[in-house]
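Undergrad: Quick one: this structure, given as structure tokens, is what I'll be asking you about.
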Amino acid sequence: MSASAGSGVAPVGPHPRDRALRADFPFRHVALVLSGGGALGAYEVGVLKVLERLGLAPALVAGVSSGALNAVAWVAHGLRSAALERVWLALRASNVGMRLITLLVRALGVAVLLFATLEMFLTLAGSPVLGSPGLLGRHGSGRAYAVSVALDAAAWALVAALGLAVVALSRRAEGWIARLTPLTDPQRWHLRLGYLLLVGATVHLVTLVTGLPWPHRFSATALTFGFVAWLANRPGFGSGRLRHLMLRLLPEAGGRGLWGSASRRSVLEALVADGEPARLTAGPTRLAIGALAVDSGRMCHFVSGFDPAPEFRARIEEALGEVIAVRDPAAVVRAAVASSAIPGIFEPVRFEGRDFVDPGGFSNQPLHVAIAAGADAAIVVFLAPSDGPPPARPARNLIELGGRLLEIANWRDLQVELRSLPPDWAATARPGPAPAPRVCVVEPRGPLPGGVMDFAPVHAAELIRRGEEDAWAALQRAGWLAAAEV
């Protein structure tokens with residue numbers, strides 16, 4: 001097995017898996033820091049298997065996002081990883097709530113509702129028979145009606161062709177429009193659109209009353225969408241209500257995310273119930289779960305298993321954070337679910353009247369929390385190489401682009417954490433023939449398979465294997481393992 005990239009050290013002697021912790025291991029309060037990374041969190045299960053085999057029981061486990069979910073499950077099972085591994089090896093996107101069918105069903109329902117309502121309105125407003133001419137007893141001649149239908153068909157054919165052109169040229173059209181449209185007062189365009197709608201409505205009503213040939217259905221549709229656009233851009237109460245309505249109609253979560261959190265919570269609750277839930281608040285291993293508070297913008301650290309000292313609170317607050325002590329296993333589960341609520345993908349999680357989301361990009365490796373809690377050493381698990389974000393192909397969609405930006409933000413956060421270590425942490429704990437660094441970073445040697453949102457058993461198996469392999473290599477490089485027997 002080769003060492004990770006950039007170490008320049010190759011393992012020698014027996015395979016590290018045949019080794020144990022060094023007899024003079026100098027640390028007594030080791031913290032384990034588990035980073036977030038969505039589906040890549042399966043990598044951390046391999047690391048947990050190594051710690052279990054070594055019998056290295058952390059005094060504190062600090063987790064974020066998928067790392068928080070892993071931390072809670074691992075602690076609930078008494079630092080045994082078998083149950084957590086089984087779940088990851090069966091986990092699919094649908095199990096965490098990412099079901100495309102829910103989006104399709106909801107979108108279809110909204111489309112049917114809006115289309116049916118629109119059709120009812122257009123039938124009444126655009127028909128020379130059912131509209132005002134019919135009510136006035138003036139249906140118009142059959143020839144006029146036929147001409148109106150032909151005009152409607154031609155108008156909709158033109159719109160269809162225009163729509164096809166927009167789809168084909170949309171990317172280039174963005175640049176053209178940006179170059180051709182000067183910066184102007186939006187209220188001026190809003191006023192002009194209002195005048196145009198007023199003229200169009202006048203013509204529409206006149207032709208309905210007189211029975212003159214006119215594409216009534218197309219005209220009514222254009223006026224309806226034009227009025228909606230005008231209202232949405234009009235400052236005031238009406239436009240705010242309309243925008244709120246459109247957000248409420250977005251798939252799932254009332255417009256605050258594509259999916260809710262019930263599925264993630266259900267998986268974690270079942271996993272915890274299969275272990276010993278009391279360990280989450282009264283066990284020997286303490287927990288610190290990080291989530292971002294939407295109201296204050298601060299990093300909130302939910303801690304359990306200990307009463308946070310004033311010094312601990314003060315150090316966290318210096319880092320623009322806050323501490324919430326949780327003493328109920330169910331509350332610990334809710335905190336972990338909140339920590340894994342990726343903004344835009346999952347809705348924020350409500351906890352004691354406040355909204356919390358995944359803090360990835362702000363604090364994905366809470367090493368400073370472990371130090372503030374009194375740890376004398378830490379194992380930090382990172383889900384991408386620490387020397388820089390791995391090369392990636394151009395993002396094909398918003399999800400991939402968001403995942404890539406999250407990788408970059410997490411890497412930058414790790415660099416800040418490592419470069420902000422206290423002086424006694426930056427140095428080795430025991431200089432001499434066998435030094436032992438306080439920080440052991442477990443990281444992949446290259447890009448991990450799959451992606452942040454790519455939940456698949458085949459990827460999970462490979463991620464667990466690589467996490468195990470890289471953990472042994474990292475512990476050996478750090479000098480935490482016993483010397484190889486010759």
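Every residue gets a Cβ built from N, Cα and C, even glycine.
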Undergrad: Can you dig out which of the ranges 191-212, 367-388 TrEMBL describes as transmembrane segment?
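TA: Going through 191-212, 367-388 one by one, TrEMBL flags 191-212 as transmembrane segment.
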Undergrad: Quick check on the annotations: TrEMBL lists motif 'GXGXXG' for one of 36-41, 126-131, 264-269. Which range is it?
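TA: My reading of TrEMBL: the motif 'GXGXXG' range is 36-41.
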Undergrad: For the annotation motif 'GXSXG' in TrEMBL, which listed range does it cover: 63-67, 318-322, 353-357?
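TA: Of 63-67, 318-322, 353-357, TrEMBL gives motif 'GXSXG' for 63-67.
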Undergrad: Between the Cα atoms of S65 (active site, nucleophile) and D358 (active site, proton acceptor), what distance do you get, rounded to the nearest Å?
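TA: One finds 6 Å between the Cα atoms of these residues.
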Undergrad: Note the mean pLDDT of the motif 'GXGXXG' (36-41), expressed as a whole number.
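TA: Value for the motif 'GXGXXG' (36-41), mean pLDDT as a whole number: 91.
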Undergrad: I'd like the Cβ neighbour count for D358 (active site, proton acceptor), meaning other Cβ atoms within 10 Å of its Cβ, all protein chains included.
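TA: Counting Cβ neighbours of D358 (active site, proton acceptor) within 10 Å gives 28.
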